[in-house]
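Record features (TrEMBL):
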type	residues	note
ACT_SITE	Asp71	active site, proton acceptor
BINDING	Thr8, Lys9, Asn10, Pro11, Gly12, Lys13, Ser72, Phe154, Gly155, Tyr156, Asp157, Lys177, His182, Arg183	substrate binding site
BINDING	Glu42, Asp71	Mg(2+) binding site
Amino acid sequence: MKEIIIATKNPGKAEEFKTFFAKFNIKAVSLLDLSQSIQDIEETGVTFEENAALKAEQIAKLLNTPVLADDSGLTIDALDGRPGIFSARYAGEPKDDKANIEKVLAELKNAKVTDRTARFVCVLAVATPDANTIFKKGYCEGRISVTSKGSNGFGYDPIFIPKNYTRTMAELSSDEKNSISHRSNAIKQLEDWLENL
Ligand SMILES: O=c1[nH]c(=O)c2ncn([C@@H]3O[C@H](COP(=O)(O)OP(=O)(O)OP(=O)(O)O)[C@@H](O)[C@H]3O)c2[nH]1
Ligand SMILES: [Mg+2]
């Protein structure tokens, strides 16, 4: 079976990539699966693209093999696009999904339903030792709920209600999330590349 390294240490993302890529008969191997320990890549970029490229290119160089990285996050209109590229550590170090959710809900305490529009963004970067890095970007539109609900998924899923839905992303099954998510919308654009891997 063909394999691709996914430059992530986020178990939620890793699981989603495994599910998506199994459909292409490709085994997604995350940094959590490798026996060698891989240093954390500093995400010093100011865009999702820059951070995705930093992760993909540094790990591709280290392992001398094609590497896919995902830089993603939540942008909330009423917060001028925050948490954006800082989504993972919005409430500070160490990364804490629950604290991040509490911070967002507190910041939106007085926002009406119509002012809670938001979207998930996912930028994929594929770095190969001998070619230019390629990028794909996917979105999932929705709004931020008033309370946290559901236990599936990860990150901000318990407070994100996708457009045309009444449940949060964390109340959807993984198949439902994977059919509409920012990550799946980005991966769909990689299909040709995946077929030729
Ligand atoms: O509810 C969510 N459902 C999602 O589908 C999703 N995708 C991204 N996010 C948020 O955005 C951060 C990414 O930051 P990020 O791209 O730097 O990844 P990360 O630091 O978690 O892992 P790594 O891939 O860098 O190792 C994550 O931690 C989450 O807070 C999501 N939240
Ligand atoms: Mg990160």
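Here the Cβ of each residue, glycine as well, is placed from N, Cα and C on the backbone.
Where the annotation comes from TrEMBL, it is an automatic prediction and has not been curated.
The number of other CB atoms found within 10 A of the CB of Asn10 (substrate binding site), across every protein chain shown, is 19. Listed in sequence order, the residues of the same chain lying 6 or more apart from His182 (substrate binding site) and placing their CB within less than 8 Å of its CB are Ser72, Arg119, Phe120, Val121, Cys122, Gly138, Tyr139, Cys140. Distance from the CA of Asp71 (active site, proton acceptor) to the CA of Glu42 (Mg(2+) binding site) is 12 Å. Within 10 Å of its Cβ, the residue among the recorded positions Glu42, Asp71, Asp157 with the fewest other Cβ atoms is Glu42.
The binding-site residues Gly12, Gly155 differ in how many other CB atoms lie within 10 Å of their CB, and the one with the most is Gly155. A C-beta separation below 8 Å, combined with a sequence spacing of at least six in one chain, links Thr8 (substrate binding site) to Ala14, Phe17, Ser30, Leu31, Leu32, Lys55, Ala69, Asp70. Taking Cα separation as the measure, the residue listed as 'active site, proton acceptor' is nearest to Asn10 of the binding-site residues Asn10, Gly12, Asp157.
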